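*Asks:* Have a look at the structure that comes next, please.
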Amino acid sequence: MMDHLANTEINSQRIAAVENCFGASGQPLALPGRVLLGEGILTKECRKKPKPRIFFLFNDILVYGSIILNKRKYNSQHIIPLEDVTLETLPDTLQMKNRWMIKTSKKSFVVSAASLTERKEWISHLEECIKHLLSKTGRQPCREPAAPWIPDKATDICMRCTHTKFSTLTRRHHCRKCGFVVCADCSRQRFLMPRLSPKPLRVCNLCYRQLLAEKKKEAEADRRQTEPVPCAVQGYEPSSGDDSDKSDDDKAEQWPADTEFYTSQVSWSSFHS
């Protein structure tokens with residue numbers, strides 16, 4: 001079906017209509033071989049509260065944005081390459097049903113459909129496009145997706161120190177590494193994570209220590225690889241030819257207290273220590 005629609009007039013008209021709805025704030029979407037396969041409104045679990053968003057599924061990208069006037073005007077356009085997407089179905093909560101997570105290396109978030117059938121159709125079409133793209137490009141699926149942000153209303157206290165209560169004056173913050181809701185004292189550090197942003201991002205104290213340890217370990221491994229190999233025979237220098245000895249390592253509602261947000265089998269309260 002994708003090959004059949006690729007260069008048809010009806011496909012071009014559909015893509016042009018989507019571009020027109022986003023107006024000057026959106027990026028051009030028409031490319032040779034790009035096909036618009038479907039669209040629909042899904043509920044995206046945002047930081048403050050769930051919000052409806054328009055989603056457009058192409059054969060190589062997923063586009064979504066905020067709804068100003070349905071079928072007429074959208075803004076806040078986001079474009080996600082499908083090669084970077086992995087999916088995970090999630091259990092229902094009291095507030096949201098038919099949920100699944102869209103995971104990428106830069107951002108992961110939860111959406112829900114109006115019905116179980118609609119969720120199955122979305123996931124089926126997404127997985128088919130992703131499989132087709134990966135087989136075409138030879139790329140591997142995303143192995144280190146970004147952590148989704150826990151919604152603000154999931155907790156009234158810091159998820160790290162577990163004693164700071166949030167209020168109008170005590171703001172909630174999110175760790176960009178683990179996605180936990182944390183207080184200012186537990187997230188004063190910044191760390192450069194090039195996969196997410198060219199600028200250092202806010203991280204909680206625990207993730208900061210872990211990231212520092214990982215960085216130190218990587219630096220130590222690099223140092224060992226660049227050290228000259230000790231020679232048993234005086235005056236003999238190791239060959240600088242092709243026979244390398246390099247290591248193979250180069251390769252607004254209250255949430256119930258027992259809500260299982262995503263897939264972790266460990267209570268968040270056990271992570272603070």
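Cβ coordinates are placed from backbone N, Cα and C, and glycine is handled just like the others.
No curator has checked TrEMBL annotations; they are predicted automatically.
When I checked TrEMBL for this same protein, it listed these features:
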COMPBIAS  261-273  compositional bias 'Polar residues'
DOMAIN    35-131  domain 'PH'
DOMAIN    152-212  domain 'FYVE-type'
REGION    218-273  region 'Disordered'
*Asks:* How do the residues of the domain 'FYVE-type' (152-212) split into helix, strand and coil according to DSSP?
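*Replies:* Going through the domain 'FYVE-type' (152-212) residue by residue, I get 14 helix, 12 strand, 35 coil.
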*Asks:* In the predicted model, what is the mean pLDDT computed over the domain 'FYVE-type' (152-212)?
*Replies:* 94
*Asks:* For the domain 'PH' (35-131), DSSP counts of helix, strand and coil?
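*Replies:* Per-class counts: 19 helix, 51 strand, 27 coil.
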